[in-house]
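Read the structure below first, then the notes.
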Amino acid sequence: FQPWQPPGDQLIKMNFIEVTPEPLSLDRIHQLVVDPTCGAVCHFVGTTRDSFEGREVVRLEYEAYEEMARKEMLAICLQARQRWSCLRHLAIYHRTGLVPVGEASIIIAVSSPHRSEAIKAVEFAINAAKATVPVWKKEIYAGDQPPQWKVNAECQWAGTATASAGADKPASPGEAASSAGGARPANGHA
């Protein structure tokens, strides 16, 4: 359970990021960020809900452009540190593959000497992840209802990428980049 970390200075090594098909453990991720110099650890846990617009959801399926996802997640950590310099440790973990109802698809954890900064940083991180991290989500419904690829409203290329990819699936990283002149890819994040 070793998170991916880029080579670099100590500040970067205080960020824990991972994209994995394995179930996410809040306890394990919490242990990565807890620090005796901090009085606050805040978490966000995004889980698969059992319904959407009156349809019964049985699971979600996630795909990711993993290398780019890790780079974007690291960028989010560094941006949070620029806004709130007192932050100690940050973790952003995203699950890929099948995620049944009730299980976590994303966990964000932040430690800070004080609660205000930790709370703000967690909110910033989930909003930024939904807008920029190249992860796609497909909702699988009960019965004979066809599955549906989803794009977040926060996604920077939601309209352009979906239109270029057709109605079945939001654009892949390459499709989104080519349709947007090389800009950030679409995101169908949790």
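Including glycine, each Cβ sits where the backbone N, Cα and C put it.
Here the Cβ of LYS137 (substrate binding site) has 22 other Cβ atoms within 10 Å, regardless of which shown protein chain they belong to. Residues or ranges marked as substrate binding site by TrEMBL: HIS114, ARG115, LYS130, LYS137, LYS138, GLU139.
Per TrEMBL, the feature compositional bias 'Low complexity' maps to 170-190.
Per TrEMBL, the feature region 'Disordered' maps to 162-190.
One residue stands out among the binding-site residues ARG115, LYS138 for having the most other Cβ atoms within 10 Å of its Cβ: LYS138. Summary: among the binding-site residues (HIS114, LYS130, GLU139), the fewest other C-beta atoms within 10 A of the C-beta are counted at HIS114.
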